[in-house]
Amino acid sequence: MNAIVISAVLGVVMMFCGVFTNSKTAVRTVAIIGLLGLVVSNVLDMGGYHFFEKVNVRGMLSFDIIGLLFNTIAFGSTWIYFLLSGRDMERVGVNLAEYFALIFFVLCGIAIVSSFNSLLMLFLGIEIISIPLYILTGSDKRNLKSNEAALKYFLMGSFSTGIMLMGITLIYGVKGSFDMEVIRQGTLNLTPMIAAGLLLLLFAMSFKVSAVPFHFWTPDAYDGAPTVFTSFMATIVKVAGFIAFIRLFEGCFGDVKGQWQLLAAIITAATLFIGNITAVFQQSVKRMLSYSSIAQAGFMLFALVAMNNMAKEGMIFYAAAYSLATIGIFAVLLKMKDYTFEGFNGLAKRQPVLAATNTVFLLSLAGIPATAGFWAKFYMLSAAVEDGNVLWLVIVGVLCAAISVYYYFRVIQAMYFKDGDPQEIETSRSFKGLLIVIAAVVILLGIFPHWLLNQLYSFFYL
Amino acid sequence: MLIERYIYLAIALFCIGIVGVLARRNAIIIFMCIELMLNAVNLLLVAFSKMHHVAGVAKSASAGIDGQLFVFFIMVVAAAEVSVGLAIIVMMYRNTHSVDVNFLNRLKH
């Protein structure tokens, strides 16, 4: 509850901040300090200090440890994102304070979708996430690509909202309530109307997390949006979609898992396959990263298919590993003028720090051992093995991880083994220092995954 | 009235909306079709709400009320979406002097 209230208040504060000051440094500082406060208040919530205990949510929200832990990871990654890319937001347009305000509103939506207990709150949370993102996508007003991306994202997003609402309504018609516990009770086999509602919800959520065959808007929206906001959309927002997806299907249809598991597994396999194969043929690193985000979404869908405790812990770990690595890569990409693979030629000679940290992030995304990405994929695959019904999916996952090595290593090869024209890149010392810290965290998570998870768990159950 | 008739009517409106989104090329018309989908959902929610109210009114006077509450939330969110969506379409029109989505193919290459 702390996170929901405070992030909404911070959004309003940022809007007033834009009225009272013109200094970009001041706005950025307020945002960074405010977000740090948000992270701290959420950690206090996990430790048992609830600031808004008297608010009666009437069973529409329920706060469990997985959701709060996810909030902490999402807010923490956003904080790192502010530190790394806050300066680059200034280049998009003049409304810096409003961009920060919109991001805070998105965080409010993320806090809702990680704790909803009623389908009404799911709908509101998803919309609170989506509507600010439409604005952020189109924030580069003179750029036609940005306009086009915003329009496509908006039309597809509201279309999928309509489908989701129809699913919710059909389920309401059968059960007479939006409460997830009521819906779960007595749903032991699927009647035609519940089946139709389940299918519509599955399609709508697949739209939101860009699973194949509902992924076609993703590359265009991510490619056209200003790169600094693509970084936010492709990491934190996407992972929040998965938390909502898993929470919804576990809460409402956990008892009839056997009847939709095969369909979810087929969507997962298609997402892995198409995401990885299409990423191989891209010429621009930004577009490659948006296809790679589809491919990574395929791995996160393993948690939906398996849906046991290991899958949920693995999902949290995956969220951290994927968000950190992708934010790092986008931060480096933002400093480049040329987004093609050739633009990275010879980067290692001119900017050894950027090239080395970027290599760590790419290795982590590819799932090479001794990086966080390896354990993230490992948890997902072992959750599917533990489930036992979908072993063929594990084989598909391993094969696709092997394909992904090709396009991630293309960037590394360009940085280290090709000579290119000198490209002026200005970076500050603190930017490089922060990149090194993130790379160190990625490697530490890869070497001691259990140690860190145990530390976190011992912290919760003090 | 039988509830089935409401279901058929709402599904028909919803399908008209879906076909419109997929087939039409004018951004404003696509947008209207999305609104049609949302309003089909509203109609069905009110019908279900009434049905649950009649079935449960003996137990509690406010049975089935949450369906109608949901309708108000859908209206509010739809209004928020309209304000953002029309702004995006106007921005698009200023740059291209057209609202035809067939012009939107610059990102393909």
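Just so you know, glycine gets a Cβ as well, placed from its N, Cα and C.
What TrEMBL says about a protein is an automatic prediction, not a curated fact.
What TrEMBL says about this one:
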type	residues	note
TRANSMEM	A:6-23	transmembrane segment
TRANSMEM	A:30-51	transmembrane segment
TRANSMEM	A:96-113	transmembrane segment
DOMAIN	A:117-403	domain 'NADH:quinone oxidoreductase/Mrp antiporter transmembrane'
TRANSMEM	A:119-137	transmembrane segment
TRANSMEM	A:149-174	transmembrane segment
TRANSMEM	A:194-216	transmembrane segment
TRANSMEM	A:228-248	transmembrane segment
TRANSMEM	A:260-281	transmembrane segment
TRANSMEM	A:288-309	transmembrane segment
TRANSMEM	A:355-378	transmembrane segment
TRANSMEM	A:390-409	transmembrane segment
TRANSMEM	A:430-452	transmembrane segment
Segment-segment contact (the transmembrane segment (A:260-281); the transmembrane segment (A:390-409)) at 3 or more Cβ pairs under 8 Å: yes
Residues from the same chain, set at least six apart from the ends of the transmembrane segment (A:355-378), whose C-beta lies under 8 A from its own: 292, 296, 299, 314, 317-318, 320-322, 324-326, 328-329, 332, 347-348, 397, 401, 404-405, 408-409, 411-412, 415-416, 435-436, 438-439, 441-443, 445-447, 449
Any contact, the transmembrane segment (A:228-248) to the transmembrane segment (A:119-137), with at least 3 Cβ pairs under 8 A: yes
Positions on the same chain near the transmembrane segment (A:194-216), where near means CB under 8 A and six or more residues out: 126, 130, 156-157, 159-161, 163-164, 166-171, 174, 187, 238, 241-242, 244-245, 248-249, 253, 260, 263-264, 267-268, 270-271, 273-275, 293-294, 297-298, 300-301
Sequence-remote partners of the transmembrane segment (A:96-113) [C-beta within less than 8 Å, at least six residues beyond its ends]: 3-4, 7-8, 10-12, 14-15, 17-18, 24, 27-28, 31, 34-35, 38, 42, 61, 71, 74-75, 78, 82, 89-90, 121-122, 124-130, 132-133, 135-136, 139, 229, 232, 236-237, 240-241, 243-244, 247
